[in-house]
């Protein structure tokens, strides 16, 4: 059974189960029984005794309605909340257990979010089916027992339905999702690039292709839907013919109105129960499939617990070798490097020389078991590599993705508490005050900022974090890339000033040539993976 389904079952409350059973018995057995009794009395002209079963019928329907309004729906919504948060917790724990470099890859994978959504809605749909349609199962059991006791001959006919129902449940939709996905991906590519085609006078051509793609999608969908409907209706027709044949036998053997009504209702119940099992099984299959996808995207990896160093004065790197898993490229230290608090260090090298990977190692993103090292922190050899300093560093990546549809105040503060003084200081040092002041920071939406302004807001967030966290190491990967030269120089000078005054070891790479000319304590050259 799926781990997520087991997780879901653990959230089932006793109250929901009890009310489902009571409601199922009332809806599926008592109410139909009362209805049949009233029908028999009407046929027999026994109007005198109609009041009692009729009052009981109304009472049962009242009980069923009250249960749904005040109990079942409440329990079900609570269960849905627990399931949704439980699935989120399950996936978050799997993500948290991964090494950070794998986490980065996983979180950039669109399939993760897609699989998670399918899992959530498949599970919720499965619970809806089992709770709201459970009365069909109770009815099926009750009516089967009645027929077994009162009409065992006709039950043999219903046995013929078993292979039909099993076949219906096991039936796999002939639609291949990859066909739909391929067509839809073609449409998305055309749609996302249509502006460039329009401004280069290819608008009619691209729109014709988009319309043609949609037409192909709809033709494929229509063909598959018709084929599936033919199958479903054929199964329903087979069930209907068998139940009607059974009714004919009932009329020939025992022409009794009550028996006839029960057999007639049982035919409908068989259809409903078959659809119940079919829908539940398919949702379960969807759940299993997407859990396999999740498990492939999020493998279970036991990460070792690395003891953290709270403070240090120096880091001596005697050996460092990191081999890329998918290429022959290798990062290797040429000669020992010694780093100290308050130092400002520039990594210099062309694109592709390994600067970002070296920063990933220093930031602890790449786990220590993936590279060879000999590192001393304050003359003490560490077995955890740079991961021992994870809690003492701030890392600003080059291609970090951000949610820009957020107010500047919330973007800058992040998970830190708000401080007006620190906010003012951060906006000033990041040169943001020409487009957002301290008074406007709560009402300025970042999505409306230009590319350069977004770059400065990101630097304001970094400065805010530095002041709040007071790290020992600051790692900056080309944070000046989106800035004009004069702004880049001014902002980096401010960052250097903060680092020197707070004894922060700053390791950075720069995009702007003027920034590279600033006063650095050490420049580490990097060339084709060779450090130093």
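Positions of Cβ are set from backbone N, Cα and C atoms, glycine also.
Per Swiss-Prot, the stretch carrying the note transmembrane segment among 84-104, 105-125, 147-167 is 147-167.
Stretch with the most C-beta contacts under 8 angstroms to the transmembrane segment (11-31), considering only 51-71, 126-146, 147-167: 126-146. Non-local neighbours of the transmembrane segment (231-253) in the same chain are 151, 153-154, 157-158, 160-161, 164-165, 167-168, 171, 259-260, 263-264, 266-267, 270-271, 274; each lies 6+ residues outside the stretch with a CB under 8 Å from one of its CB atoms. Outside the transmembrane segment (126-146), and at least 6 residues removed from its termini, the chain residues within Cβ reach (under 8 Å) are 5, 8, 16, 20-21, 23-25, 27-29, 32, 72, 76, 79-80, 83, 155, 262, 265-266, 269-270, 272-273, 276, 279-280, 283-284, 287. With respect to Cβ neighbours within 10 Å, the binding-site residues 351, 353, 356 differ, and 351 shows the lowest count. Taking a C-beta cut-off of under 8 Å and a sequence gap of six or more, residue 354 (ATP binding site) has these contacts in its own chain: 329, 331, 526, 528, 529, 531. Of all the binding-site residues listed (350, 355), 350 has the fewest other CB atoms within 10 A of its CB. Through the fold, the transmembrane segment (51-71) approaches residues 15, 19, 22-23, 26-27, 30-31, 34-35, 37-38, 41 of its own chain, all at least 6 residues removed from its boundaries and within a Cβ separation under 8 Å.
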